[in-house]
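J.: Once you've had a glance at the structure underneath, I'll fire off some questions.
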C-alpha cells in the first residue's frame, strides 16, 4: 500500500537501510509474525528520526499496527496520541481509533476524531488511497457511534464511507446488518455510488451485482440461478466470478431463508462451509425443528468462540426451540451483552416472551429490536402480531402498514395520528395496498379477521397466498396450509360456505386429518344444511382429538336434526292376529263336554 | 403373459352359476405374480399367492410357451445395489435400503426405493405414536413427497407403483383419487392381491362396487367375494365362495377362512365354528382370523376351548394382533375386563388400524361403565371404518349410559341403516325415541323391528306397551295377543302383564269369554293373581246382569279380527253346546252361565 506521505529519508547515520526495515515490517505483518514486525518497526522508527518527535507518520503507523495486532491496545494508542499524529496522519488516526474501540472506549475514539484536522477528513477525488484510508476511519467512527447508540449518525458515517470508497465492502455490510436504512434508502444509496469512477468496468460490474444481491435479501429468491447474461463479456465474466464467490452462496441462502425455504437455505450454506452465517443457520435449524443438530452446532461454537455473540445466540435459539424460555433468555442476554447492536438477538428475545404468552414484554423486546434494525420490516410485523393478540387492532394495523411499507421498498410515510378514519376502526386498506410479503399479508389478514373486517381479511389472505405460491408450482408448501385454512374461515364468515369448503379441502390435502380443519369443514356443511356430512366430519375430528370443543359443541347443536326418521308418516296400526280362543293344552278338542274336567289345564288355587 | 388387460368392465355381481376358470392359467399367473412380488418386497401378497398356489398343487402346469429364462429386468449395473438394498429391506432397515437405491432407474429398483421410503415413514409413525392427536408432520411430508413424485412421473408408473400411489392417497384420506388409481393398478398388475384388498376397503357401498371398472381376470372373483365379506353381504359372499370352491379352489385355506367369517357375520355360529375347527386341523399355525374364531368361542361361552386357543396363540407368536385379541376375548369371557382392556391396547399398539380391537375394547369399557373411554374407542373405530355397524351401535350404547338421548337416536339410526335386518338396533332406537317422547317414531321402530324377525323377542312387548301408553288400545291388544301367541315368549316375564291387559281389554268390550280366558291365565302368575281374580269376579257379575238385559251390539271400534272371531266361534256352535272356552267349568262359578252366554253370542 502506498503511503501518501512517504518520505524516503536516508538515515542520518547513513548506513541503516530504512526501506529494508520497512519492507521487513510489511512482510512480517503479512506473515502474521507480529513480534518480528514490531521489532523492525521499532527499529525503523528509531532509525528514521533522531527522536520520537521526528518519527514519520508511516513508521509510527506501522509500529502502532504491530502493537495492536499483538493486543497491546493502549500502547498502540499511546504511540499515536503521544506524538499527536492522529491530528495529521489519517492512517495513524485510524489505528488509534481502532485501538480505543477494541479497548471498549468508543468515546475516546470519537474525541480523537474530533481533534483531527478536518481537511484530512474530506474525500479527494483523485486520490483513491486517501479515500480508502478515509473510508476506514469513517467505518471506525460508525462503530464507535453505534457503541454509543447514536445510530443515525453511524448510518450517515457509513454512507459517507461508502461514497468515499465504493469498494469498501465492510461499510455496506455493517449498514445492511444493522438494517439502518429502509430498503428504499438502501437502493438509493447503492445507485448513487460513483462505482464506475472508482473502479474499472469488470470489478465495478462485480461489485454492483454483489451489492444488489445483498440488498434483495427479502425478496423471493429465484428457484434456479438465472442464466448468465452473455451479451457483454465483461458483465458475463463478472457474473460468472460473482456466482462462484462464497458471498453469492451466502446471499442466496439469506434470500431462501427469508422465503421460508429452510432446507434449500441450509444446503446453500453447506456449499460454503459449516460455520458461515451462524445466525441464518441457527434460524433455519430452529424452523426445521432439528434440535439435535442445533445442539451440536451451538455447543461446538461456544467451545470454539466463547466471545462471539453469534455462538451464544445459537445456544439461545436451541433452548427456545425446545421450549425452555428461561434458559433461552439467559443465553440471549449473554449474546446481547457481547454485542449490544445485534437486532436479531432482541427479536429472538421477543419470540421467547411470545411463546410464554407475555405479550407486553414481547412488544418491548420487539420495540428495542426495531430501534436497532430501523429499516427492517420484521420488528413492526411482530409488534403488530402482539397487538392483535392483545386485541388492539388499530395499533396492529398501523404497525403492519409500516411493516408492509418497509418490506416493499416504498417510501415510508410517517404515520400521522389523524389518519385512517375516525378513531377506533382500523382501516386495512393501507396494508392491503402495500403488502407484498406473505407473512405481513397473512398476519394482517388474521388481525382483520379478529377485528371483524372479513372482506379485508379475505383480500389479505388471498394476497398472502399469491405471494407465497412459487411461480411454477401449483400448490404452496405445507407451511402455508394455515393460509388456506384462513381463507376458508374468511369465506365462511362472508357467508359463502361452499367456497370455504374448497379452501379447507386444499388445506386438508396438505395437512391431513387435522381436527381443526375437519371441524371447520363440518361447520361449513352444517351451514349448507348438510347435517349428515357435517356429522361424519365432526366424528372424524373427534376421533383425532376427543376434547375438541368446537366439534363437541357443533355436534350438540346439530344432533337433533340428524334424525332420519320421518315424523309425518302414519303411525302403523298393528294388525290384529287371528284370535283363536282355543283350548290351550289339549291337542285335540273333544266334542263339547262341559263337564269334562280333564281338559282343564288351569289350576288357580 | 396372454392376459387380456383390455377387457375391462364393470363388476358384474350377478354372475351366478359356475364360472369357468382355467386353473392352468391361474397357476402360471400365480407363479409369475409370486416372482414379481417377492422381488419387490411385497410380502403379504406373496404369502397369499403362495397359499393359493399350494392349494392348487395337485394341478400340474402345462406350459404353452415354456417360461423364458429368469430375466430380472434390472439393468446389470444396478444389480449389486438392488441385491444389497433388498437384503436391507428384508432386515427392515428401510432408510438404508432407500439410500442405496437413490439413483437407480429400473422399475423394480424404483419401486423398492419408494416402498422403502413409505415403510420407513410408516414404521416411524407407529413407533412415535404415543398419544392421540400428535401431528406427525415428517411422515406426512414423506407421503406428500411421494405423491409429487408420482404426479411428476405419471406416464411411467407400472401397476406396482400405481398400487403404492393408491396406498399413499388412502393414507392421506383422498379416497376418490385412491379408487381411480387402484383401479388402474389392478388393471396393470392383476395378481397384486394387496391392491384388490385396498380397493375392497374403499368400497363403501354396494353401489360403489358396481361402478368399479375392473379387468376380466380370475382374480376378480376373489375380489368380489372379499368385497362382499367386507360389506357384510354374507349371503352373496357365501354364494361367491361356493362358486370358487366348485371351480377348483376347495383346498384353499383362504377360501375356507373367508367362508367362516361370512358365517360369523350371518350370526351362524355353528357353521362358522365348524369351518374354523377344520382350518385348525389343516393349518395349525395359521394365526390369521383367530380373533374371529375366539369371538365365536366367546359367544358360545366355550371357556376351555378359548383357553386352549389362547395358550396356543401365545406359544406361536406372542406379539401379534390376533394373539392379543384372543387373550382379550378370553379375559372378557372370564369377566376380567381390566385385563382384557390391556390386551386389546397391546393389539392396538401393534396395529392402530385394527378395527376389531377398537370395537372389542369399546365393549369392555362399556362393561366397566367407563363411557368416555368407550366413546373414544368407538370413535376411533369409526375413523378406521365408517361402515361397521358395531361401532355405531356401541356409540349409541355409550351415550345411552350417559343419558344423551339425542345422540343415541343418531347413532342407533346409523347402525340400523348399516344392518337393516338386525332388529336389536331398531329396538334400541325405539327406546331412545321413547325417551325423547317421539312416540310415532318409536312405534315405527318397534314395528319394523318386529317385522325383521325380532331377535331378542322384546320388540313386540315394547310395541304393545307403547301402544298402550299412547292410547291405541286396539293395536295394543293386537300386539299383546300376537306376543302371547308366540311360542318363543312362553316363559317371558312380560307375559302376565300382557295377559292382564288383554283380560281388561276384553272386559271393556264385554267379550267375556275372551276376558275370562286371559283372566285365568293371569291367575297362573303371582304378580297378576289379584288382578285376575278381580276380573273374573267382574266377569261373573257382568254375566249375571247381561242375562237379563237386552243383548247389546258388539261395539263398533272392535277390530274386525275379534268380530270375526266371535262370529267364527258362533258358526261352530250349536245352540245347545256351550262355547268351548277353556278352563271354565260350572263348578267354579256360582252363577250358571250357559244360557246367558249363548244368548249373548247370538247377536
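Every residue, even glycine, has its Cβ placed from backbone N, Cα and C.
Sharing the feature lines straight out of TrEMBL:
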type   : residues  : note
DOMAIN : B:26-260  : domain 'Cdc23'
REGION : B:567-603 : region 'Disordered'
REPEAT : B:321-354 : repeat 'TPR'
REPEAT : B:355-388 : repeat 'TPR'
REPEAT : B:389-422 : repeat 'TPR'
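Are these features on the surface or tucked inside, and what touches them?
T.: When averaged over the domain 'Cdc23' (B:26-260), pLDDT in the model lands at 86.
Same-chain neighbours of the repeat 'TPR' (B:321-354): 126, 129, 287-291, 293-295, 297-298, 301, 303, 306-307, 309-310, 313-314, 360-361, 363-365, 367-368, 384, counting only residues six or more beyond its ends whose CB sits under 8 Å from a CB of the stretch.
Using a Cβ-Cβ cut-off under 8 Å and counting only residues 6 or more beyond its ends in the same chain, the repeat 'TPR' (B:355-388) has close neighbours at 132, 201, 204-205, 231, 291-292, 295, 321, 324-325, 328-329, 332, 335, 337-338, 340-341, 344-345, 347-348, 394-395, 397-399, 401-402, 418.
Residues of the same chain lying 6 or more positions beyond the ends of the repeat 'TPR' (B:389-422) and with a Cβ under 8 Å from any Cβ of it are 232, 355, 358-359, 362-363, 365-366, 369, 371, 374-375, 377-379, 381-382, 428-429, 431-433, 435-436, 452-453, 455.
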J.: So how many of the residues in the repeat 'TPR' (B:355-388) end up helix, strand or coil by DSSP?
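T.: Here the numbers are 27 helix, 0 strand, 7 coil.
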J.: Using DSSP, how many residues of the repeat 'TPR' (B:389-422) fall into helix, strand and coil, respectively?
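T.: Split into helix, strand and coil, the repeat 'TPR' (B:389-422) gives 28 helix, 0 strand, 6 coil.
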J.: I'd like the per-state residue tally for the repeat 'TPR' (B:321-354) from DSSP, helix first, then strand, then coil.
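T.: Helix, strand, coil within the repeat 'TPR' (B:321-354): 27 helix, 0 strand, 7 coil.
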